[in-house]
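What TrEMBL records for this protein:
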type: DNA_BIND; residues: B:19-58; note: DNA-binding region
type: BINDING; residues: B:G93, B:F94, B:G95, B:N96, B:L97, B:G98; note: NAD(+) binding site
type: DOMAIN; residues: B:82-183; note: domain 'CoA-binding'
Number of protein chains: 2
Amino acid sequence: MERYNKKKIPRATAKRLPLYLRNLTILDAKGVVRIKSKELAEITQVPSATIRRDFSYLGELGRSGYGYDVTFLIKVFSDILDSNETSHMAIVGFGNLGKALANNNFRRNQNLIISCVFDTDPEIIGQTIAGFYVYSMEDFERVTREKNVKVAISTVPSEHAQEAIDTVVNSGITAILNFAPDRVEVPSNINMRYIDLTTELLTLLFFDRNYKDTPLAITS
Amino acid sequence: MERYNKKKIPRATAKRLPLYLRNLTILDAKGVVRIKSKELAEITQVPSATIRRDFSYLGELGRSGYGYDVTFLIKVFSDILDSNETSHMAIVGFGNLGKALANNNFRRNQNLIISCVFDTDPEIIGQTIAGFYVYSMEDFERVTREKNVKVAISTVPSEHAQEAIDTVVNSGITAILNFAPDRVEVPSNINMRYIDLTTELLTLLFFDRNYKDTPLAITS
């Protein structure tokens, strides 16, 4: 979808795209076909004027007063996030979670490819497990360069996460998805996202206990 | 921490707590000790007046013009989200991801307990695997009632997710964490959170490609 000049989108707008996308997919699943900026503002907690301005950067997405077509917005936002370039990824830590990620996920997007997996356990290094040759972390920089890896997904537990992430950072990779909840230190040029399942669960429970009649919208 | 009357927090404020919490933990990891509402507004894209109002509901968290203590905010928000009640959880789908969740996660919070695991595969039903007895989905309602389960974590792939979630919903459980990215239909009283790894990765890549010099803050 080359209609959208991705470079032109202001950074603040870009940061809200995943938030819009998540809430729109929820609305779509509930059968909502059309939504006004005020309604989306209510759900996302983004002011409606900001939503309209954000959407205006993305072209003609809807008509004032009439609302936006939910399916169309989902398609546009998905296309913007998706580069249609193949992205090679490395998994750091090849336990159950690493294997689950390598084998079961990202099927929805054929451009996301797990190209190599790493571990520090001598018992599995050099073995082919679940279809993946397990490399030593000592070979991380060399192998990820050879395979043009742009993203590292770390499943290393918190107590060893800093060491693993340091190796990733030193290899020159700047995009990291980290499944360990405790914070690790990285240089300011690194893009890191945490998948913090404990906070996700506590948030879910918090809403389930306190807001029984008004279920959670996905705003975080 | 019973100083905070959780019931009193407006729902819109409550919805922003996880967003604040995530960004504050990132700031803390970067060594930021103190933050002003304007700075936090820049990062979270929540207007600073809204931030100050939100924080005012939570008691004396900081002084105007002086800023907020990051560590203290993290403690307060974590305590609000955490009920200090034990919550029993069920895992639906006991493949690699289910095993990873059962064995490796939630260690950070001793109140979150995986009490039972379920699958539909006759080869593993009735077996004890990785320390967990695997129940049949046919026994879901009975077993989760006996064990007072309040949350279901579904690792069932998209093609079977609707069926699995239907069984969860019919059992009376209203809080669901779903690892399948495709949307499933649930009644409006259900609190469901999706962990959508594909969207997380696409967002990470999008920022890594387009905003190299200004890394991603965790706003979604």
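Just so you know, the numbers here start at 1 and follow the chain as drawn.
Each residue, glycine too, has its Cβ placed from N, Cα and C.
The shown structure was predicted, so the numbers you read here are calculated from the model rather than taken from an experiment.
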Number of helical, extended and coil residues in the DNA-binding region (B:19-58), per DSSP: 28 helix, 2 strand, 10 coil
Secondary-structure category, per DSSP, in which B:G98 (NAD(+) binding site) falls: helix
Cβ-based isolation winner (fewest other Cβ atoms within 10 Å) among the binding-site residues B:G93, B:G95, B:G98: B:G95
Distant-in-sequence Cβ neighbours of B:N96 (NAD(+) binding site), under 8 Å, six or more positions away: none
Helix, strand and coil residues within the domain 'CoA-binding' (B:82-183) as assigned by DSSP: 32 helix, 31 strand, 39 coil
Proximity to chain A among binding-site residues B:G93, B:F94, B:G95, B:L97, where any Cβ pair is under 8 Å: B:G95, B:L97
All-chain count of other Cβ atoms within 10 Å of B:L97 (NAD(+) binding site): 25
Other C-beta atoms that fall within 10 angstroms of the C-beta of B:F94 (NAD(+) binding site): 25
